[in-house]
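To start, the structure under review is shown below, and the notes come after it.
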Amino acid sequence: MAAPSEERPRRRFGQRLLTDPARLFQHNAWDNVEWSEEQEASARSKVQENSSQLLPQDKQEEYEVNAKRYWDDFYKIHENGFFKDRHWLFTEFPELAPNRSSSQNGDPLHEFNNKEESSSEGLGRCENGHCSLESRTECQLSVPQSPAGLGTQEGPAQEHRGLSHRAAGYPGSAASYRVLEVGCGAGNTVFPILQTNNDPGLFVYCCDFSTTAVDLVQNNAEYDSSRCFAFVHDLCNDQSPFPMPEESLDIVILIFVLSAILPEKMQGVVTRLSRLLKPGGMILLRDYGRYDLAQLRFKKGQCLSENFYVRGDGTRVYFFTQDELDHLFTTAGLEKIQNVVDRRLQVNRGKQMTMYRVWIQCKYRRAATPLP
């Protein structure tokens with residue numbers, strides 16, 4: 001049995017290794033890379049430099065008001081061709097697989113590691129700050145997914161398509177295990193879950209801030225309305241309805257989603273999502289960590305506020321610490337099951353490029369109802 005990632009020994013990459021191309025490019029990826037003090041200081045310096053010039057307040061408000069349009073434009077351009085399906089999900093989050101027994105006990109037994117990723121070639125691409133480190137193999141890790149909950153408008157026809165069911169008879173009401181993915185994008189998480197987990201009691205909800213993204217999910221040949229319900233939703237609007245009642249979900253998935261929300265609105269979003277969980281239900285999160293490659297690549301003039309940036313296409317991204325995420329979830333009344341950071345070295349052997357990624361993975365659980 002693998003040790004929890006908090007206890008795993010970290011690999012050091014000294015100057016000799018990094019300056020030896022013949023040795024460095026024998027492999028493609030290393031997980032749990034421990035940064036030197038020099039590397040940490042260099043990253044901190046780059047962030048201080050790229051955040052020294054903040055965008056004017058009127059520009060920041062413009063990005064907030066038009067957030068939905070920017071994500072719609074992203075999916076109109078890329079459709080479902082930018083991200084790979086996330087088949088690594090079932091290694092990192094066994095709660096989503098057919099056999100859920102180990103995860104339901106709350107044990108973080110699975111390492112924060114993706115063996116498919118480590119053994120594959122290629123680093124994917126970076127466009128407008130969307131760094132997708134997936135290879136051309138179908139099992140490769142994909143990075144940002146379309147975030148939900150950023151702006152002020154929604155497509156009314158999509159939003160209320162079936163959302164009027166607030167009690168018995170709501171979509172998925174007969175299911176015994178209900179999962180909601182927030183920020184579903186083109187379905188790169190939803191469809192692997194539906195393909196892999198054939199539990200007849202499973203029902204998957206998925207929502208996105210982008211109407212275009214939800215259309216892509218609903219028009220996918222794999223979309224099965226008897227097992228899945230896709231809808232447009234603005235997380236930041238507490239008047240925007242969910243199709244399910246409170247305390248009805250077993251799992252809420254947030255993969256590279258929370259980072260796209262205005263920082264001052266994050267607590268309200270997490271608290272609202274936590275109310276959807278059954279006692280014992282969990283929120284599963286994977287998102288950007290502080291000093292990730294994507295943060296270091298930003299230039300002056302792209303910083304909105306501390307550790308919060310706007311990409312070239314108008315979408316936004318925040319870079320977290322473990323403590324920040326812990327505060328958000330515990331303030332919402334959830335208990336920590338897992339909160340780990342992974343510093344990973346990715347290598348593109350063809351281009352002889354090294355890329356340091358920093359991700360945080362969390363699992364937080366709503367406490368079970370106390371026995372009488």
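We count from 1, first residue shown onward.
Note: Cβ is positioned from N, Cα and C throughout, glycine not excepted.
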Of the residue ranges 36-55, 136-155, the one that TrEMBL records as region 'Disordered': 36-55
Local confidence of the prediction over the domain 'Methyltransferase type 12' (180-283), expressed as mean pLDDT: 93
